[in-house]
Amino acid sequence: MRKGLRATAARCGLGLGYLLQMLVLPALALLSASGTGSAAQDDEFFHELPETFPSDPPEPLPHFLIEPEEAYIVKNKPVNLYCKASPATQIYFKCNSEWVHQKDHVVDERVDETSGLIVREVSIEISRQQVEELFGPEDYWCQCVAWSSAGTTKSRKAYVRIAYLRKTFEQEPLGKEVSLEQEVLLQCRPPEGIPVAEVEWLKNEDIIDPAEDRNFYITIDHNLIIKQARLSDTANYTCVAKNIVAKRKSTTATVIVYVNGGWSTWTEWSVCNSRCGRGYQKRTRTCTNPAPLNGGAFCEGQSVQKIACTTLCPVDGRWTSWSKWSTCGTECTHWRRRECTAPAPKNGGKDCDGLVLQSKNCTDGLCMQAAPDSDDVALYVGIVIAVTVCLAITVVVALFVYRKNHRDFESDIIDSSALNGGFQPVNIKAARQDLLAVPPDLTSAAAMYRGPVYALHDVSDKIPMTNSPILDPLPNLKIKVYNSSGAVTPQDDLAEFSSKLSPQMTQSLLENEALNLKNQSLARQTDPSCTAFGTFNSLGGHLIIPNSGVSLLIPAGAIPQGRVYEMYVTVHRKENMRPPMEDSQTLLTPVVSCGPPGALLTRPVILTLHHCADPSTEDWKIQLKNQAVQGQWEDVVVVGEENFTTPCYIQLDAEACHILTENLSTYALVGQSTTKAAAKRLKLAIFGPLCCSSLEYSIRVYCLDDTQDALKEVLQLERQMGGQLLEEPKALHFKGSIHNLRLSIHDIAHSLWKSKLLAKYQEIPFYHIWSGSQRNLHCTFTLERLSLNTVELVCKLCVRQVEGEGQIFQLNCTVSEEPTGIDLPLLDPASTITTVTGPSAFSIPLPIRQKLCSSLDAPQTRGHDWRMLAHKLNLDRYLNYFATKSSPTGVILDLWEAQNFPDGNLSMLAAVLEEMGRHETVVSLAAEGQY
């Protein structure tokens, strides 16, 4: 018998151990089942099984071809779990750490023709009752265990849950009435359910597909946003939640898009309705541009306007009385006259009819007429002949003179041509007329150019050049540039630079200024203290301009994978780079460019600027402006008026603003005071000479915007001038009350010093300070010491706004004749790092950041998601901006990184996550040793 089994096993290619397993295991299982049938005994039975048999050939561990998958029980329908493994001598299910009875398994066995290994497939059925009977915090789960001669293998756990969907929505959309082109937000939080319900929106029972109509957007937390409401968007909107159990519809929210009426243009004034005397004229307009729709407001104002008019009445002319008859003349007649002036005709009145003069015979026809004398006839004939001859001579002389003058004119033209050497006038038409310049005066030793002063690196796009090779630039031409104050500044370097440019090069530079002058070469040519640049890839990094309060955060993933950008950020200090200001507007930040412009970004970068606004009041209208390629300043967004279409988001902190943008450009923050209570912060800094060998001593009081870059510029300027800081700078709240800033000096020792100021104080006009467009604004107090032996200066300086706040400086300084080292402690010499790349630029480690994004991006029923994170970090002013991003949590963490750079307050972030119940992330932060 034993030999027969071995022979059969040998013919089938099977080991003896396998045959024993095939025979023994089922028998043992049947005995166990027929015994007690309990799961505990089954468990002991399987523990007593040997792992391998001595006669088994080497065999791999079981490999699962099919693992059990998660299942949901709908109503009372049981679910089946499937499992398939190879090679497997036995395969069983274990549910909730207990073995499933063998009789509950449906087993299918076959031999793989390719490998010759046994493939076993098993399935079990799970009922609703089994799932409901489970008590404990964990859901019902099952796991598949397979045996082979090499050992056992366990599959993954498959959870079985009872599917359901509540009937009541946690938040239903509400109807709204909105104006045309306004943003609409319809909120929806679906009912609780397992599995989590999918959400779709219906517009009049039609499914909304944002891919087809881009005016719709469905956020990650299921809210519907209509970007710009159209008339066609007037409809009934329904939120639909569905899973495998049921489908629920919310109450219908009716959105009505109304149009407020607008007036048409006024018609022309009608003619005066009165033909004579006082009347009126009128003009009309209609409320049809557009006409009010869907309950929109009717136009406010009058549809008819009337003005008084006066039409002058026509006056017909009338004759005056006849004058007296004249005396009787030689011809025996006398006359009389009258005039049409009683009244004269006017305003279209009729003229007088009849004769002005009237004559009649004054002798009743008895006057005698004498015959003409023959001598008189001869005299008359002679006079006529003489006049005729004179006229003929005059005509001949005039003709002669005319012809002579005409020949002289032609001769002049010929001579002029000869002077030109035979060349005909040439009409030069350049490609751009605005690039033609007046040829320089070659006889002059110096050319005088009146206009704005440009820095050396801006010459290529500011100095007009000519394309004509005849007008080559003069070598060593001295150009004197007159600025607005009338001072003359030699610009030898400017002339030398322009003389080295060929006309072709100049034209090429001008044609490509929009692309080339904004890139990395511009950043490298500017003042190094105002610029930071570096090379970045998809890992991101940080650009910092030291001591300026200006930085650019490039988050990881902002630059597309595989691309490398050379990026820069620079502060513009020239006044012509600043945006124009209206009366009530003021510049709150420095003008900053970041680039390269036009670079493709996949997520927002964060530009951080220091501002000087006092955000504690609500009397500001703060807006972000950017400069287009053509140099025009455009409005980007008004803080507090963001909508779905605004390209940027601004986080305004107490002293800094953070601009989230995907468009690298030139930006500035502009404030407009809505009331006189609006205030901006000024920084008052007092400087004096480092050494003074004369009797005069000058004190300079600077009134600057309270930004780091403004103070840095003055510190650098004073360092070049040999100045020193006499007192710690102080802040002053300057209100938009139109009152000037008054500066005065007090408590001078008159026995040692005297002030050369004639008045009691100096004033800086309000608008010079408020506009923020004037750099390095200051006043100078000149004191004269009575003796060179006087080396101590003690006085007080008072700076205050009329009817406003003020500051007092107590000066106590030593006047030295010997120069000493310049000490400007406000410039941190250690702040020399301008570029940080890769993970070292960020406080949050990348794995923890990814874990946070994956767990907080998905909306949670209790709200413990990215919205709560934004609320806890005080970044929830406009959540819709984050909702439109693929990872709202990632953008919020980027903004947190920019706010807390460079220290990174991870302890505060950990406390926030602890409050949100994210204990695992806090543990990870602690494990990384980050706080």
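Along the chain as shown, residues are numbered 1 onward.
Here the Cβ of each residue, glycine as well, is placed from N, Cα and C on the backbone.
Looking at Ser502, Ser887, Swiss-Prot tags one of them with phosphoserine, and that residue is Ser502.
The disulfide partner of Cys362, as annotated in Swiss-Prot and taken from the candidates Cys313, Cys328, Cys340, Cys390, is Cys328.
When you go through Tyr140, Tyr454, Tyr568, Tyr761 in Swiss-Prot, the residue listed as phosphotyrosine is Tyr568. Within the listed segments 67-85, 257-275, 295-313, 694-712, Swiss-Prot records region 'Interaction with DCC' for the stretch 694-712.
Of the candidates Asn361, Asn643, Swiss-Prot marks one as N-linked glycosylation site, and that one is Asn361. For Cys188, the cysteine that Swiss-Prot lists as its disulphide partner among Cys142, Cys144, Cys239 is Cys239. In three-state terms derived from DSSP, Cys272 (disulfide bond) belongs to neither a helical nor a strand segment and is classed as coil. Applying DSSP to the domain 'TSP type-1 1' (260-314) sorts its residues as follows: 0 helix, 17 strand, 38 coil. The two recorded residues Cys142 (disulfide bond) and Cys188 (disulfide bond) have their Cα atoms spaced 35 Å from each other. Listed disulfide-bonded residues: Cys276, Cys332. The one with the lowest count of other Cβ atoms within 10 Å of its Cβ is Cys276. Around the Cβ of Cys272 (disulfide bond), a 10 Å sphere holds 18 further Cβ atoms from the protein chains shown.
Within the same chain, residues at least six positions away from Cys328 (disulfide bond) with a Cβ under 8 Å of its Cβ are His334, Cys362, Thr363. Counting only same-chain residues at least 6 apart in sequence, those with a Cβ under 8 Å from the Cβ of Cys309 (disulfide bond) are Cys272, Ser274, Arg278, Gly279, Tyr280, Gln281. Counting other CB atoms no more than 10 Å from each candidate's CB, the disulfide-bonded residues Cys83, Cys95, Cys188, Cys287, Cys299 peak at Cys83. Taking the disulfide-bonded residues Cys144, Cys352 in turn and counting surrounding C-beta atoms within 10 angstroms, the largest count is reached at Cys144. As a whole-number mean, the pLDDT of the domain 'TSP type-1 1' (260-314) in this prediction is 89. Here the disulfide-bonded residues are Cys142, Cys239, Cys313, Cys340, Cys362, and the one with the most other Cβ atoms within 10 Å of its Cβ is Cys239.
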